[in-house]
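J.: Once you've had a glance at the structure underneath, I'll fire off some questions.
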Amino acid sequence: MAKKRIVVMYGGKADEHSISCISAASALRALDTDKFEAIPVGITKDGKWIVNGENPLGWSLDEGLPTVEKTPGVKDVVLEVALGQDGFFAREDDGTLTPFGHVDAVFPVLHGPFGEDGTIQGLFEMMGVPYVGCGVLASAACMDKHYTKVLLAAAGIPVAPGITLDARSFDKASEFKANADAIMAQVSEAGLQYPLFVKPSRAGSSFGVTKVEHEGDAAELAAAVFEASHHDWRILVEQGIDAREIECAVLCPKAGEAPQASWPGEIVLDKRAEGDDQFYDFDSKYMDSAASHVEVPANLPEETLNLVRETAKKAFVAVDGAGLSRVDTFVTKDGKVMVNEINTMPGFTSISMYPKAWEATGVRYTDLITKLIEGVLR
Ligand SMILES: Nc1ncnc2c1ncn2[C@@H]1O[C@H](COP(=O)(O)OP(=O)(O)OP(=O)(O)O)[C@@H](O)[C@H]1O
Ligand SMILES: [Mg+2]
């Protein structure tokens, strides 16, 4: 049987550009080349689609952060929407177009806005090209923490108590200080307990997230809301949940079939500076491999692990998930499970939680990728 030809996409306009490059490099190295032929397509930070760039196979986190660049020899990708799976071309220097040939599916290994938020998914829907992962609605809803919570709450899944603010009308010049009392009033009306977490609704990688510690300190709250407003005008103020952060990998290769959940895992911090009360931030998450390790299954009673798995599957269905998602939960001391957020294209390097969780549940990285691709070809 002929190999299936898969466009593997990486990079992109989001802040997670380099993480996507590492995720894709890892996936390309693990891809079953007896079954699939990969066509790597990069997206530069300013959104240009390219082929013939630097070979992602050479990229790894130890070598520093890779980026997709328009170096000499790189060709622009041109799409002919109406041609669908035959609609991918490379533009040569003389302007002529070289077809990729028939593309069986696309695997967008892209994180964040314009990759994980439904926009590129919509493009492939328009073209009629099968793609791995969640569709337009789930991608868009999960990119926006406010709407994720709306859908989850409607399905009866516990989420952190909180309010959503619209910062568009706030007084920017005063850095929101002029609105501080009004924001405080909303917080107390909602009965939110301190500490609070203030975060942009649409962001990722903990960008713009602030822990607000001091009850009654309107300036501290306003500063946190101002900080979040650099990332999105829609801002969540949540009650801080005193809990462990447990992540569960959900797999559903063919949309509509029953999703499966991995053993839940936990990021265990190994290195924490004296007196350091930082929550898991960008650096400890991606940049510092000595800072943490992944533990699957998380050290919790089996009953709790199973509750996380059930909740994760329910959450996946509630947002109309497909393909894959990592459901991030809070597990409190008394074993209650709340969903914090859903990542529809979770970190996908071989040492990321999603593949690690499946490996610990009996699905090897290579087979995981095969299942995901074959699911959209069926
Ligand atoms: N309500 C909350 N209670 C306790 N901790 C919280 C709460 N909200 C956020 N946090 C902490 O802040 C971190 C980042 O928040 P969150 O996961 O919502 O944002 P994010 O930017 O989407 O992060 P990422 O996409 O990288 O996981 C969480 O992992 C958690 O440690
Ligand atoms: Mg998170």
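Heads up, the Cβ atoms here are built off N, Cα and C, so glycines get one too.
Annotation source TrEMBL lists active site at Glu16, Ser205, Ser352. Feature annotation from TrEMBL assigns ATP binding site to Lys145, 197-199, 205-206, 238-245, 340-341. Annotated domain 'ATP-grasp' per TrEMBL: 149-374, in sequence order. According to TrEMBL, the feature Mg(2+) 1 binding site maps to Asp328, Glu341. Residues or ranges marked as Mg(2+) 2 binding site in TrEMBL: Glu341, Asn343.
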J.: Who sits close to Gly240 (ATP binding site): which same-chain residues at least 6 apart have their Cβ under 8 Å from its Cβ?
T.: Gln193, Tyr194, Pro195, Leu196, Phe197, Lys211
J.: Helix, strand or coil: which one is Asp328 (Mg(2+) 1 binding site) in, per DSSP?
T.: strand
J.: What are the non-local neighbours of Asn343 (Mg(2+) 2 binding site), defined as same-chain residues 6+ apart in sequence with CB under 8 A from its CB?
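T.: Asn343 (Mg(2+) 2 binding site) has long-range Cβ partners Glu116, Cys142, Gly204, Ser325, Arg326, Asp328.
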J.: Restricting the comparison to the recorded positions Glu16, Glu341, Ser352, which residue's C-alpha is spatially nearest the C-alpha of Lys145 (ATP binding site)?
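T.: When the Cα distances are compared, Glu341 comes out closest.
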J.: Using Cβ-Cβ distances, find the residues under 8 Å from Asp242 (ATP binding site) that belong to the same chain and are at least 6 apart in sequence, listing them in sequence order.
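T.: Spatial neighbours, sequence-distant, of Asp242 (ATP binding site): Thr332, Lys333.
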J.: For the C-alpha pair, I'd like the distance in angstrom between Val198 (ATP binding site) and Glu341 (Mg(2+) 1 binding site), rounded off.
T.: 14
J.: Could you tell me which three-state DSSP class Arg244 (ATP binding site) falls into?
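T.: Note: Arg244 (ATP binding site) is in a strand by DSSP.
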J.: Can you tell me the three-state DSSP label for Lys145 (ATP binding site)?
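T.: It is helical.
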J.: What are the sequence-distant neighbours of Glu341 (Mg(2+) 1 binding site), meaning same chain, six or more residues apart, C-beta distance under 8 angstroms?
T.: Cys142, Lys145, Thr148, Asp328
